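According to TrEMBL, the features are:
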type	residues	note
ACT_SITE	37	active site, proton acceptor
ACT_SITE	182	active site, proton donor
BINDING	10, 68, 144, 145, 146, 147, 182, 183, 184, 204, 205	substrate binding site
BINDING	35, 37, 68, 182	divalent metal cation binding site
Ligand SMILES: O=C(CO)[C@@H](O)[C@H](O)COP(=O)(O)O
């Protein structure tokens, strides 16, 4: 069953010189999650922020921090990100040999666990893991940078994952599992992604364009 659409601004498009004020501003503007893109220059070709910055940002926004780890290996860093303030920790199945163990590590810290699928990652990675997950993140761009164009084949993937999530959720007394889409989200692609079954939209460029006075309108526009 699809929930109300949630908006998770990616702070990759925020003003990095004002990050505390930026996360406070998006929370005040109606964002549901703060989406933190963690990149290591190895798993993806870009380097962003680590647990120290997450810890510094945490007190600035009273909404869940949705942390997307684009790092390999991922297991050695799960506990540090959890204790730095992540509420949801999402990782890639390619980032470690044992994705099920990574989920166990996340859950042992009392956090929600997400699995992210790159554009070329097959849906079979979900076969034995979906019942354990709280979130599935469909990448609609190749991870590494903001401002890329939405890859249309993500829509087919979202629709199939929607079916699988609904089946698992129904067998677990309606336990919610978020279906999040990330990359190239604008007013047009947001509508297509939600129609296909997404219920969380990650949006960097589309949230932060125009500066703080535009955030509430940008978020409301995406949600509508
Ligand atoms: O994880 C990533 C990129 O790797 C995304 O979160 C992007 O940062 C989204 O940016 P826009 O496409 O919305 O600008």
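Note: Cβ is positioned from N, Cα and C throughout, glycine not excepted.
Look at residue 182 (active site, proton donor): DSSP puts it in a strand. DSSP gives residue 205 (substrate binding site) a helix state.
Nearest Cα neighbour of residue 10 (substrate binding site) among the listed recorded positions (35, 37, 182): 35. For the residue listed as 'active site, proton acceptor', the binding-site residues whose C-alpha atoms fall inside a 10 Å radius of its own C-alpha are 68, 144, out of 68, 144, 184, 205.
The active-site residues under consideration are 37, 182. Their Cβ neighbour counts within 10 Å are lowest for 37. Its own atom aside, the Cβ of residue 146 (substrate binding site) has 19 Cβ atoms within 10 angstroms in the protein chains shown.
What surrounds the divalent metal cation site, by Cβ distance within 8 Å of the Cβ centroid and not counting 35, 37, 68, 182, is the set 8, 10, 12, 36, 66, 90, 137, 202 from the same chain. Ranked by Cα separation from residue 146 (substrate binding site), the recorded positions 35, 68, 182 are led by 182.
Cα to Cα, residue 68 (divalent metal cation binding site) and residue 144 (substrate binding site) are separated by 11 Å. Its own atom aside, the Cβ of residue 10 (substrate binding site) has 25 Cβ atoms within 10 angstroms in the protein chains shown. In terms of C-alpha distance, the listed recorded positions 144, 182, 184, 205 place 182 closest to residue 35 (divalent metal cation binding site).
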